[in-house]
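Per Swiss-Prot, the feature active site, proton donor/acceptor maps to His143; the stated evidence is experimental evidence. Sequence annotations record features per position, and here Swiss-Prot assigns active site, schiff-base intermediate with substrate to Lys170 based on experimental evidence. Per Swiss-Prot, 3-dehydroquinate binding site is recorded for Ser21, Glu46, Trp47, Arg48, Arg82, Arg213, Ser232, Gln236, and the stated evidence type is experimental evidence.
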Amino acid sequence: MKTVTVRDLVVGEGAPKIIVSLMGKTITDVKSEALAYREADFDILEWRVDHFANVTTAESVLEAAGAIREIITDKPLLFTFRSAKEGGEQALTTGQYIDLNRAAVDSGLVDMIDLELFTGDDEVKATVGYAHQHNVAVIMSNHDFHKTPAAEEIVQRLRKMQELGADIPKIAVMPQTKADVLTLLTATVEMQERYADRPIITMSMSKTGVISRLAGEVFGSAATFGAVKKASAPGQISVADLRTVLTILHQA
């Protein structure tokens, strides 16, 4: 299993890494959130660009990215436009989405981008290659806010991400029952033990799935999302509580 190193952070060894999401709508909001996050205990800062009002203006996006980078200087920055169809705030055409991610890569301000698996294989492959040429890592993602697919389907999607060149495959699914949480955990173990040659991130959302956000080290998920202020997805818990639990499980 190879690890992924971003700045000085090694993902895929030790306790799962904590990712927090910044979701400001304006550049003023983005700056104030980044300042508020500066003292929080996390490993990776995700900028959820789909919350940013001026997302279709590249200059505004890059100005905001620069502002974040000036305030949070030492942590890896993950650039994420979550599409409306996968639970995000706005919709872009495929062309706009790819152009936005390429602009982020070109900027030199971000360390990682999030690419949704179902954007289209050709577009995804080309954008992964482009990111890698610029030393930007790729988290490839899929989100189902309605249900939990069968374990075989979860594994298949994660394997597809790996085949398309993702540095870190990621999937988040919604449980309707407690058994659905076990389905996600079973799929995580199977992927991690049988197929993965790189770190993966998995989670079962909502309060029902919260155990999956805590027990990643046990089952094979290399990172988890926590909340500094407002949760970016259902079931997230505070970073302070998250770090405590992750450390307990790591040292057990």
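Even glycines carry a Cβ here, placed using N, Cα and C.
The binding-site residues in question are Ser21, Gln236, and the one with the fewest Cβ neighbours inside 10 Å is Gln236. A straight line from the CA of Lys170 (active site, schiff-base intermediate with substrate) to the CA of Arg82 (3-dehydroquinate binding site) spans 13 Å. Looking at Arg213 (3-dehydroquinate binding site) and the residue listed as 'active site, proton donor/acceptor', their Cα atoms lie 15 Å from each other.
Note on the recorded positions Arg48, Arg82, Lys170, Arg213: the fewest other CB atoms within 10 A surround the CB of Arg48. When the alpha carbons of Ser21 (3-dehydroquinate binding site) and His143 (active site, proton donor/acceptor) are compared, the span between them is 16 angstrom. Annotated pair His143 (active site, proton donor/acceptor) and Arg48 (3-dehydroquinate binding site), C-alpha to C-alpha distance, rounded: 15 Å. Within 10 Å of the C-beta of Glu46 (3-dehydroquinate binding site) we count 22 further C-beta atoms, all protein chains included. Within 10 Å of the C-beta of Trp47 (3-dehydroquinate binding site) we count 29 further C-beta atoms, all protein chains included. DSSP classifies Trp47 (3-dehydroquinate binding site) as strand under the three-state reduction.
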